Amino acid sequence: MIFTVPTVLEPSQLEQIRSILEKAEFVDGKLTAGWHAQLVKENQQLKSGQIQTQLTQTVKDALLKNALFQTAVRPRKIHSLLFSRYEVGMSYGTHIDNGLMGSNFWRSDVSFTLFLTAPKDYEGGELVIEGADDEKAYKLDLNSVLVYPSSTLHRVEPVTKGTRLVAVGWVQSLVRDASEREILFDLETARRAIFVQQGKTPEFDLISKSIANLLRKWAE
């Protein structure tokens, strides 16, 4: 399931992050790529340290407070978050994200990209997600997040004007299978709609029972 989460950060948080990144030190993005992804990765990433840790926590906290993100992703652990910068000519060719990341070998079930530059401020730089028989390009509004399965091949097109700033990260979900997460999301959406329209009905209780039992069956 691919979906968008709009307006993730508070305006003050967004302004602070953009201001800090404007003056911060970036390093070669190849340093955090797998050996095969290094062949196609041409970008820069915020240097590890106190600033990176601070900004990472701000983004994590915002995502964990977001109801749509919680319901659709079922996060166990948000991990490996990076702040990436693409200048003119930079891109990230077709690649697959590593299945396990970091020293704790967190699983990457779900990937996300938080757009920190408005579309009008740069050209190119679309995030393209490849499917079995098609592909789709994404270039979201400032402060929006694109969430997609980590199992997909994807790429970032070359930036031809301006600068593209994003935060990218991964999630180990309580439910590793994408189709199972989608079933739970659909049931949760239906349950909430019933509650808004009719309150706590027998139908609401049946869906609640199914969600709870499926989580017992699928969660890990």
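Note that Cβ sites are derived from N, Cα and C of the backbone, with glycine treated the same way.
Database features, via Swiss-Prot:
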{"type": "BINDING", "residues": "HIS95, ASP97, HIS154", "note": "Fe cation binding site"}
{"type": "BINDING", "residues": "ARG164", "note": "2-oxoglutarate binding site"}
{"type": "DOMAIN", "residues": "77-173", "note": "domain 'Fe2OG dioxygenase'"}
Fewest other Cβ within 10 angstroms of its own Cβ, chosen from the binding-site residues HIS95, HIS154, ARG164: HIS95
Candidate binding-site residues HIS95, ASP97, HIS154, pick with smallest Cα gap to the residue listed as '2-oxoglutarate binding site': HIS154
Other CB atoms within 10 A, centred on ASP97 (Fe cation binding site): 20
Any further residue of that chain within 8 Å (Cβ to the Cβ centroid of HIS95, ASP97, HIS154) of the recorded Fe cation site: ALA37, TYR92, THR94, ILE96, SER111, SER150, THR152, LEU153, ARG155
